Amino acid sequence: MEKARPLWDNPLQFVFACISYAVGLGNVWRFPYLCQMHGGGGFLIPYLIMLIVEGMPLLYLELAVGQHMRQGSIGAWKAISPYLCGVGIASVIVSFFLSMYYNVINAWAFWYLFHSFQDPLPWANCPLNLNHTDYVEECEKATPTQYFWYRKTLNISPSIEESGNIQWEQAACLVLAWLVVYLCILRGTEHTGKVVYVTATLPYVVLLIYLIRGLTLHGAANGLTYMFTPKLEQLANPKTWINAATQIFFSLGLGFGSLIAFASYNDPKNNCERHAIIVSLINSTTSIFASIVTFSIYGFKATFNYENCMSKVILMLTNFFDLEEGSLTIENLEDMKNFLASTHPSEYAELLPQIKNCSLEAELDTAVQGTGLAFIVYSEAIKNMEVSQLYSVLYFFMLLMLGIGSMLGNTAAILTPLTDSKFITSHVPREMISGGVCIINFLVGLAFTLEAGNYWFDIFNDYAATLSLLLIVLVETMAVCYVYGLRRFSKDLSVMSGHKPSWYWKIMWAFVSPVLIVSLFIFYITDYIRTGTLQYQAWDATEGQLVTKDYPSGALAVIGLLVAASTLCIPLGALVTFIMKRTNP
């Protein structure tokens, strides 16, 4: 008799697992960046349209496939058609690549969390040099937060070709990050189902605390005004729509196999249509909520930097022209500069190269995403807050919860197909399978703790999943609609939920979503071709800033392998199945 498949304790556990997986670091560090780049509040228009025509339909499709087939990604797509076995394998490989580097972010979060208990925060000021006569030159040329990130955390090398040594503090944090993940996935849904209550809810508590604090910060209104003032001319920019579609696609975690894995542990009669709508709406609402928090912090940081810049200019002019204390203010600075330029033209011309052009708008326009936003911009703002240690602990604890929640989904996409295999589970207990996956990922992940590790992290982050996931989800959608059959799939959904899918879902699956994915795929291919030689940002310690360099041939080969390793599984899987059917009719 076949062993009963484990189930979630209740539907709420499943919803929390999906939210914990989908609501991740991208909601906090990429969506606000896209708002900043593409017209503030105006970006919400294409974003919400893409949610309706792409996000919800594809999420519903993956949940429905997992729940009906009651298997991980490999088994589910093989059940639809033996020729699709490569689709599931491609999903597992992409999830494996993601797990290799994603947990490094959790290791960095642990590192910053441990340092958050110091007073003052270690990134608040530049350290003294060896002679204790001045500050470290690299820090002075950069900023204390940049110095702590690039030198103290990463100890980054000048280029990707100079690998350097393993940073053992980071390696220890990576061990801790994988140990936490292992304890969370040890017993499958039995453990994961309890953990997701924490990883799905605590980030909202921290975001709410940050929202209350952010709205009371000096200058927060400047950031929120910047966010909610729509620049509707950006709607005519094709990249705005492309980025909106891409953000929805990757934010929901489509194509990795995690959603199929989670749904496979559902009760067969579960209403996955309702859950798809709930999860996608909560995910998008969280992105907007996190943006309000981020832009209030942006406003505070930008206003702080602007006023600090103005104060330095006022002090310089006051001292140089021996003006009366308090005669120069931020309000009358421009008028006074014009007055001094007309009354003391030669002296003012001599001083002019040293006078910085302070602009609040320029500060707000400075767009940062990814690790730069998470570990530099936020750290910069936190250090200037009152009780900065408390807000630092809260922030990096929130990053950990978001990161661990996403890792539960990433590992589920790998483990579920493995534990579905009767051959593997009959020889190896689940605890050892989970441990083996964690150990392999940790050993590969040590490469990201090298001095050049952050450059390799960026390669994996930029190229390991993008094109592969688009191809995977395109094949998934076409397979359900045109191989398995949309009418047959509708009957299955009717049995599961009690009613057939509406015309909206059918049109999206059969036509709109595939066309959209093909458009995204073409855009990325042409963008890569137009870009020419791929480049990366390297840290120049002598200048204290990032410089652009070309990727060497070895790095380009790795990029090619990352893309090919997963995408080639789809045609190869179909070819092997075809040959086996011909040789064993």
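Cβ coordinates are placed from backbone N, Cα and C, and glycine is handled just like the others.
Any TrEMBL annotation is an automated prediction that lacks curation.
Quick caveat, the model's predicted, so the values are computed rather than measured.
As annotated by TrEMBL, transmembrane segment applies to 12-31 (among others).
Under the heading Na(+) binding site, TrEMBL lists A22, V23, N27, S251, N283, L402, S406.
Here TrEMBL flags 43-61 (among others) as transmembrane segment.
What TrEMBL lists as transmembrane segment is 82-102 (among others). Non-local neighbours of the transmembrane segment (82-102) in the same chain are 72-76, 255-258, 260, 403, 406-407, 410-411, 413-414, 417, 437, 441, 444-445, 448, 456-457, 460-461, 464-465, 468-469, 471-472, 475-476, 479, 483, 562, 565-567, 569-574, 577-578, 581; each lies 6+ residues outside the stretch with a CB under 8 Å from one of its CB atoms.
Annotation comment: TrEMBL describes 166-185 (among others) as transmembrane segment.
Sequence annotations record features per position, and here TrEMBL assigns transmembrane segment to 197-221 (among others).
The feature transmembrane segment is assigned by TrEMBL to 241-265 (among others). Distant neighbours of the transmembrane segment (241-265): 5-8, 14, 17-18, 21-22, 24, 26-27, 30-31, 34, 37-38, 43, 46-47, 49-51, 54-55, 58-59, 62-67, 69-73, 76, 88, 91-92, 94-95, 98, 189, 272, 279-280, 283-284, 287, 406, 409-410, 412-413, 415-417, 465, 468-470, 472-473, 476, 516, 520, 523; these residues of the same chain sit at least 6 beyond its ends, with a Cβ under 8 Å from one of its Cβ atoms.
Annotation comment: TrEMBL describes 277-300 (among others) as transmembrane segment. Within the chain, the transmembrane segment (277-300) has long-range Cβ neighbours (under 8 A, six or more residues past its boundaries) at 15, 18-19, 22-23, 27-28, 31-32, 35-36, 44, 47-48, 51, 55-56, 59-60, 204, 207, 210-211, 214-215, 217-227, 247-248, 251-252, 364, 373, 377-378, 381, 384.
Residues annotated as transmembrane segment in TrEMBL: 393-415 (among others).
Per TrEMBL, the feature transmembrane segment maps to 436-457 (among others). Sequence-distant contacts of the transmembrane segment (436-457), counting only residues of its own chain at least 6 positions beyond either end whose CB sits under 8 Å from a CB of the stretch, comprise 96, 99-101, 103-104, 107, 154-157, 159-167, 170-171, 174-175, 178, 181-182, 371, 411, 414-415, 418, 428, 536, 538, 555, 558.
Residues annotated as transmembrane segment in TrEMBL: 463-486 (among others).
With a threshold of 8 Å between CB atoms, the same-chain residues lying at least 6 positions outside the transmembrane segment (507-526) that come near it are 50, 53-54, 56-58, 61, 242, 245-246, 249, 466-467, 470-471, 473-474, 477-478, 480-481, 486. The transmembrane segment annotation in TrEMBL covers 507-526 (among others).
The transmembrane segment annotation in TrEMBL covers 555-580 (among others). Sequence-distant contacts of the transmembrane segment (555-580) (same chain, at least 6 residues past either end, Cβ-Cβ under 8 Å): 82-87, 89-90, 93-94, 97, 160, 455-456, 459-460, 463-464, 467-468, 471-472, 475, 534, 536.
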For the transmembrane segment (197-221), which partner among 12-31, 43-61, 166-185, 393-415, 463-486 gives the most CB pairs under 8 Å?
393-415
Near the transmembrane segment (43-61), which same-chain residues lie under 8 Å Cβ to Cβ, leaving out any that are not at least 6 residues past its ends?
34-35, 230, 234-235, 240-241, 244-245, 247-249, 251-252, 254, 259, 272-273, 276-277, 279-280, 283-284, 287-288, 473, 476-477, 480, 505, 508-509, 512-513, 516-517
List the residues of the same chain that sit at least 6 positions away from V23 (Na(+) binding site) in sequence and have their Cβ under 8 Å from its Cβ, in sequence order, or write 'none'.
A200, P203, I282, N283, T286, L402, G405
Same-chain residue ranges lying at least 6 outside the transmembrane segment (166-185) that approach it to Cβ under 8 Å:
103-104, 106-108, 110-111, 153-155, 191-192, 195, 404, 407-408, 411-412, 415, 434-435, 438-439, 441-442, 445-446, 448-451, 453
8 Å Cβ shell about A22, V23, N27, S251, N283, L402, S406 centroid, Na(+) site members excluded:
I19, Y21, G24, L25, G26, L252, G253, T286, S287, G405
For the transmembrane segment (463-486), sequence-distant contacts whose Cβ falls under 8 Å of one of its Cβ atoms, 6 or more beyond its ends:
58, 61-62, 65, 77, 80-81, 84, 87, 90-91, 94, 97-98, 101, 249-250, 254-256, 506, 509-510, 513-514, 517-518, 520-521, 524-525, 559, 562-563, 566-567, 570
